[in-house]
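Visitor: Dropping the structure in here first, questions after.
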Amino acid sequence: MTETAPKGLPGAFMLGSHRVTTPVMLSPMAGVTNWPFRVLCEGYGPDGLYVAEMITARALTARNPKALRLCRFAPSESFRSLQLYGVDPHILEQAARIVVDNHMADHIDLNFGCPVPKVTRRGGGSALPWKLDLFREILRHVIRVCRPAGIPVTAKIRVGIDDSHTTFLDAGRIAEDEGCAMVTLHARTTAEYYGGHSDWNRISELVQALDIPVFGNGDIWTAEDALEMARTTGCAGVAIGRGCQGRPWLFADIKNAFAGSPERVNPTLGQVGQVILRHAGLLVEFYDGDERMAVHDLRKHAAWYLKGFPVGGSTRKAFMECETLDDVRRTVDSLDPDIPFPEAIADKPRGRVRYAKKVHLPYGWLESRDLSPEQRRDLFESDPLDDVY
Ligand SMILES: Cc1cc2nc3c(=O)[nH]c(=O)nc-3n(C[C@H](O)[C@H](O)[C@H](O)COP(=O)(O)O)c2cc1C
């Protein structure tokens, strides 16, 4: 806490030697938090943390071009946060070594929260902390590469696999013990996936259990939600995922809220159109001038930007059919600029909202908290995410 934070609200904190003035994080989101989106978010709320989407350690060690593109940062990103995913401590160590030796980032977050079946089925993401030895081993290997370089390592975790198999308290204690600079808790289990409401009591429990900063994550749709999470859990900061999809200005709202200001950004449709155009332009840079790829990437964002605005199906369809920047410009020009921001939907969930149909785990995974030699062999043989790149 700093002297400047209003009572009961989190203030600046140190992540390694870096001072994070506003304790808010853009939570890593695959397919979303590439540098164009991060730059937009950071423009509204400078001095928080803006984390790149997860990169698989194997893809990085293979110098996969798509993975390397995701590791790029914009010149304006003065503090660069990468997230790595993997199950093999040695591969993760190699990936961290690449990041360190090539000065690719200033902070590494490790993904232990992914609930996607093809990840958990291989013991990765949110399934991994169940195996206490493997979890510890991964942190130890990565931290021993990063610490001498002054790169803080953080862990992003879930509550556990399901209500009967929680992992967050053990994982948090191990993370602290091994030297993690911070832990982010997405307060859902794997089984809950993105359904229902996250259980913020779990965040309070972790805050009580640890000395290192705990960031709370789950269901922050407005600055008021961020205030409520901070006040009720005592978390050191908040991480925002789906709430900022199509609303990068949420970071301005949260920055204002944490500074005690009631000021909020409620852009008109005309202003949102300008953000869409800026986003499109940045994506063209990201894709090295390939307008088609940029505009295809923009499609999902366009749908999020327009959410709640009374624009017809034909306009939404027009965005989905854009192939060039000129198409985007024409479609933005067709918007009525005076339509006010649809405040009524601002606090409603957006993006993924469903429960898992079933939790997929490696055979016999829950039988023991340690990795058997067979599981170790099976797990490290191949990585399911190799084929995503
Ligand atoms: C489309 C999408 C992609 C995601 N990708 C990642 C990821 O790459 N790494 C990660 O740790 N979490 C990922 N997440 C989880 C989010 O970072 C966040 O923990 C989760 O959405 C809960 O926060 P929210 O309620 O603010 O959305 C993803 C979530 C979504 C919706």
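Glycine is treated like the rest: Cβ placed from N, Cα and C.
Per TrEMBL, the feature domain 'DUS-like FMN-binding' maps to 25-332. TrEMBL lists Pro28, Met29, Ala30, Gln83, Lys156, His186, Gly241, Arg242 with the feature FMN binding site. The active site, proton donor annotation in TrEMBL covers Cys114.
Locate each feature and note its surroundings.
Guide: Over the domain 'DUS-like FMN-binding' (25-332), the average per-residue pLDDT in this prediction is 97.
Around the Cβ of Met29 (FMN binding site), the same chain contributes Glu53, Gly241, Arg242, Gln245, each under 8 angstroms and 6 or more positions distant in sequence. A coil conformation is recorded for Met29 (FMN binding site) in the three-state DSSP classification, outside any helix or strand.
In the three-state DSSP reading, Cys114 (active site, proton donor) counts as coil. Long-range Cβ proximity for Cys114 (active site, proton donor), meaning a same-chain Cβ under 8 A and a gap of 6 or more residues, is found for Met54, Tyr85, Thr120, Gly124, Gly125, Ser126.
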Visitor: Same-chain residues six or more away whose CB lies under 8 A from the CB of Ala30 (FMN binding site)?
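Guide: Glu53, Met54 - these are the non-local Cβ neighbours of Ala30 (FMN binding site), listed in sequence order.
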Visitor: What are the non-local neighbours of Gln83 (FMN binding site), defined as same-chain residues 6+ apart in sequence with CB under 8 A from its CB?
Guide: Pro28, Val51, Ala52, Glu53, Met54, Ile55, Ile108, Asp109, Leu110, Asn111, Lys156
Visitor: Are there residues of the same chain, six or more positions away from His186 (FMN binding site), whose CB falls under 8 angstroms from its CB, and which are they?
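Guide: The answer is Ser27, Gly113, Lys156, Ile157, Arg158, Val159, Ser198, Asn217, Gly218, Ala239, Gly241.
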Visitor: How many neighbouring Cβ atoms, not counting its own, are there within 10 Å of the Cβ of Pro28 (FMN binding site)?
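Guide: So the number of other Cβ atoms within 10 Å of Pro28 (FMN binding site) is 26.
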Visitor: Taking the Cβ of Arg242 (FMN binding site) as centre, how many other Cβ atoms lie within 10 Å?
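Guide: Cβ-Cβ neighbours of Arg242 (FMN binding site) within 10 Å number 21.
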Visitor: Enter the number of other CB atoms within 10 angstroms of the CB of Gly241 (FMN binding site).
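Guide: Within a 10 Å radius of the Cβ of Gly241 (FMN binding site) lie 21 other Cβ atoms.
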